[in-house]
Ligand code: AHM
Ligand code: MG
């Protein structure tokens with residue numbers, strides 16, 4: 001279970017001991033990821049100083065080009081993960097194609113998918129942003145991973161998590177044995193176990209959606225949101241609207257407090273017929289986490305974890321959060337189909 005205050009390294013190693021056949025590869029992979037997360041956290045915290053030290057996309061005081069933070073995060077993750085021998089392939093929301101492990105480094109049996117800096121349009125306003133990751137086992141033969149290894153359904157994930165760069169930096173992840181949260185103690189540079197076995201409330205009082213798009217939503221979704229706004233103290237309505245527009249931050253708050261996050265399809269909007277969020281880098285990993293915390297995630301039609309991807313950058317409607325809230329949403333969808 002772990003004890004509050006222990007380092008993430010110790011907690012992972014102690015949990016690994018419960019699996020005598022573990023090779024240590026997943027542990028090694030997570031350690032590499034954690035290192036990258038600390039560096040990205042440091043850079044995100046410095047973001048407000050870019051005007052002082054050199055604008056992003058221009059040269060800094062040392063005459064070096066300053067990369068946009070999402071590009072920086074992408075490169076940092078790649079560099080932290082390419083040589084450890086744990087991965088056979090990677091894919092990133094920031095890259096069109098799969099990312100191969102360089103020939104000079106050994107290959108492993110895991111696949112890493114990531115959104116290096118989600119919500120990065122919020123950086124200039126000092127709003128919380130995050131990194132999301134998803135880990136699968138290689139399923140094809142051969143040393144090098146292929147696209148097929150990346151196109152696996154959520155229920156096949158081995159681990160998933162996110163790092164939220166907020167008032168403090170937190171790492172939240174699952175390996176299928178519940179969800180734990182670790183807060184970065186900047187004075188020692190370690191993530192410290194702070195949230196043991198997170199369980200999301202079975203029902204919340206918050207809904208999170210970009211309601212500016214509501215006229216593009218299907219009828220079931222619109223009726224559901226209207227229902228949440230009606231007064232009925234027996235069922236805790238009206239709900240409060242909380243929408244940051246930064247998925248990791250909206251998800252993290254709802255995970256702890258309970259509630260429902262919705263990014264439905266915009267059926268009448270040709271730009272977003274399948275919603276905005278990506279199955280592999282956003283929906284699937286968060287679905288794994290929410291299920292491990294007792295919640296649910298659906299596209300309205302299917303459980304997110306059951307969707308077999310056909311494309312690397314496939315989009316999917318995402319409705320995710322407290323179990324009772326997602327079930328009520330599904331009822332509205334089936335009654336208005
Ligand atoms: P990004 O991957 O370009 O950062 O976009 C994803 C973000 C999510 O963090 C957030 O939930 C969503 O976009 C908000 O979209 P909108 O501004 O349409 O409400
Ligand atoms: Mg994103």
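Positions of Cβ are set from backbone N, Cα and C atoms, glycine also.
Per TrEMBL, the substrate site holds 118, 119, 120, 121, 210, 243; the candidate it also names there, chosen from 79, 276, 301, is 276.
Among the candidates 14, 230, 282, the residue that TrEMBL annotates alongside 115, 118 as binding Mg(2+) 2 is 282.
Annotated Mg(2+) 1-binding residues in TrEMBL are 115, 117, and among 93, 94 the one listed with them is 93.
A distance of 11 Å separates the Cα atom of residue 119 (substrate binding site) from that of residue 282 (Mg(2+) 2 binding site). A Cβ distance below 6 Å to any atom of ligand 1 is met, among the binding-site residues 117, 118, 119, 120, 210, by 118, 119, 120, 210.
Under DSSP, residue 243 (substrate binding site) is assigned to coil, being neither helix nor strand in the three-state scheme. Here the C-alpha separation of residue 117 (Mg(2+) 1 binding site) and residue 282 (Mg(2+) 2 binding site) works out to 11 Å. According to its DSSP assignment, residue 115 (Mg(2+) 1 binding site) is in a strand.
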